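Copied over from TrEMBL:
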TRANSMEM  21-44  transmembrane segment
DOMAIN    100-518  domain 'Major facilitator superfamily (MFS) profile'
TRANSMEM  150-170  transmembrane segment
TRANSMEM  177-197  transmembrane segment
TRANSMEM  203-224  transmembrane segment
TRANSMEM  236-257  transmembrane segment
TRANSMEM  263-282  transmembrane segment
TRANSMEM  348-367  transmembrane segment
TRANSMEM  379-397  transmembrane segment
TRANSMEM  404-423  transmembrane segment
TRANSMEM  429-452  transmembrane segment
TRANSMEM  464-488  transmembrane segment
TRANSMEM  494-513  transmembrane segment
Amino acid sequence: MPTVDDVLEKVGEFGWFQKQAFLTLCLVSAAFAPIYVGIVFLAFTPDHRCLSPGVAELSRRCSWSLAEELNYTVPGPGPAGEPFPGQCRLYEVDWNQSALSCEDPLAGLAANRSHLPLGPCRHGWLYDTPGSSIVTEFNLVCDDSWKVDLFQSCVNVGFFLGSLGVGYIADRFGRKLCLLATTLISAISGVLTAIAPDYISLLLFRLLQGLVSKGSWIAGYTLITEFVGPGYRRTVGILYQTAFTVGLVLLSGLAYVIPQWRWLQMTVSLPTFLFILYYWLVPESPRWLLSQKRNTQAIKIMDHIAQKNGKPAPADLKMLSLEEDVTEKLSPSFADLFRTPHLRKHTFILMYLWFSSSVIYQGLIMHVGATGGNLHLDFLYSALMEFPAAFIILITIDRVGRVYPLAVFNLMAGTACFVMVFISHDQHWLNIGVACVGRMGITIVFQMVCLVNAELYPTFIRNLGVMVCSSLCDLGGIITPFLVFRLMEVWQGLPLMLFAALGLIAGGMALLLPETKGVALPETIEDAENLRRKAKPKEKTIYLQVQTSELPGT
């Protein structure tokens, strides 16, 4: 009896139908970018200072320039540990008193300004920006600056919890239903985020969007890889992730044109309601239908694919069946991931690689956003580096292998972070150039670890292994905002030192993994202990079925 792959070989592995479905589903991947790293624009922190009653009137009376007003009325640098008191403290001075002169008004109050008492910003802040962000609207600065970290951590908590539940929904109720439900909820929660009246509701809507948005990305990935033939699945999977990069580029342009965070959030959320059209544009996966014994519907969809591709349906199409693997009858358990020495070693290494990749990837984006000169251009330049990253992956995985590129690009990312520590803030372009190199390296690592993770586990625990190990990616995303922004308060280079250490250690640990290029995927735990066999013809099919469970790297 023919399988789906057998039929696709005759009607087209990547014909007109698959190309149309691929381009359609890539929109889901692109729409995920603003959710994943939108914090850079939604929560940017501009230069700010305390609002002091009476200063504005005095400045107008004295015809001060902005520089003079700041020099006369804002505290200067403070002691170590409090480098920017001017942003969070004000002089305890009554600026409305008529005795103040226009020439150094504080000179008559104290011989040395450092002797003047400082107080908290009781009346709010002034922000030097033409736009707005959640920081400027909800005053998330100084003692409340940690709330920005929590805002991004909430979406990563949603990723972590949602990837487990949404995966079950996709397997139980179908990929198409999962895609439709998650994209609709994500669109609604995105709009609710844009109109959130207060910080608490903002967090709740952000968490809700995280719960479903990553699931919609995975559902789209699963559908497109199950529509194409074995020879195209790996390429299609990598290009689907490249669509995420297209979303990053578009996000930088939109953020430049729309500097108000509520309108920006609304702009990236409203178009996703159009994904409901997938009900008519994208069919259910025939592979999933066969797994549910709904053969008649699967046959109808395969016949539709043949018609779209301009090919006649095979004569034996009505005998379509799902190729079964006897190993699937084994019951996987969490303990299997640590049962043998090699599996145990591989699991711990992969967990660390997922964690370090997430921290460095998101950390570099946040650090550049917080320290760069031009927020939009810096974000754009680093995003563009993800395009050559996809090309490098395509040309190296089957020629060079997996382990050495994984190690080299981890070392590249770690070294780039280390070099950035010693680059002067005045050398902006050099700093951005090195950051782009690090961004390209960690992007390659992110996509490489997806591939390696699936290839190191036996069939019956492969999905479990990918799910458990990749969950460290979301845990890394939860703590990254706190690592970046809190450590920068101590020293701007401290987060980079941490990223460098994580990357360099990851490069060394990657070399401890076995090379899987040209090696058959393990089917049993015994096979996983010895990955030196030559590839079987079935390798491609098994690998690509597992690839549908991958999580996004960018």
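Note: Cβ is positioned from N, Cα and C throughout, glycine not excepted.
Automated prediction, rather than curation, is the source of TrEMBL annotations.
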Recorded stretch that, among 21-44, 177-197, 263-282, 464-488, has the most CB pairs under 8 Å to the transmembrane segment (348-367): 464-488
Long-range Cβ neighbours of the transmembrane segment (494-513) (under 8 Å; 6 or more residues past either end): 345-346, 349-350, 352-353, 356-357, 359-360, 363-364, 367, 402-404, 406-408, 410-411, 413-415, 417-418, 420-421, 438, 441-442, 445, 452, 456, 483-484, 487-488
Stretch in 177-197, 203-224, 379-397, 404-423, 464-488 most in contact with the transmembrane segment (236-257), if contact is a CB pair under 8 A: 379-397
Within-chain partners of the transmembrane segment (404-423) [C-beta distance under 8 Å, separation at least 6 from its ends]: 353, 356, 360, 364, 392-393, 396-397, 430-431, 434-435, 437-442, 444-445, 448-449, 452, 493, 496-497, 499-508, 510-511, 513, 515
Remote residues contacting the transmembrane segment (21-44) - C-beta distance under 8 A, at least 6 residues beyond either end: 129, 133-135, 140, 148, 151-152, 155, 179, 183, 186, 190, 209-210, 213-214, 216-217, 219-221, 223-224, 227-228, 236, 239-241, 243-248, 250-251, 255, 261, 264-265, 268, 271-272, 275, 278, 281-282, 362, 365-366, 369, 375, 379, 481, 552, 554
Same-chain residue ranges lying at least 6 outside the transmembrane segment (464-488) that approach it to Cβ under 8 Å: 39, 145-146, 148-153, 155-157, 159-160, 163-164, 167, 332, 334, 336-337, 347, 350-352, 354-359, 362-363, 366-367, 370-371, 450, 453-454, 456-457, 494-495, 498, 546, 549-551
